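Straight from TrEMBL, the features:
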DOMAIN    24-53  domain 'Transposase IS204/IS1001/IS1096/IS1165 helix-turn-helix'
Amino acid sequence: MDYTYYRPDEIYGTESKRERNNKIISHLEAGYTVTTVARHHKLSWQTIYNIITKAFKDAKERAEFMDSLEKY
């Protein structure tokens, strides 16, 4: 018998945290507000901030990204 390994996201149709975080960052870069993205993904503002902190390790780059966001 031949067994094929399937990742859980292939079986259940879910996405990994990394994929979700990349999608959130791309939505923010596209101009969606933090509130809109947070509500869509059912996350808090603090979680969105933590995702941004993980995505942008360089403080200057992160500060520029945070300044470009529409907060509300």
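Glycine is treated like the rest: Cβ placed from N, Cα and C.
Keep in mind that this is a model prediction, so the values were computed, not measured.
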DSSP residue counts for the domain 'Transposase IS204/IS1001/IS1096/IS1165 helix-turn-helix' (24-53), split into helix, strand and coil: 23 helix, 0 strand, 7 coil
Overall pLDDT of the domain 'Transposase IS204/IS1001/IS1096/IS1165 helix-turn-helix' (24-53), taken as the mean: 92
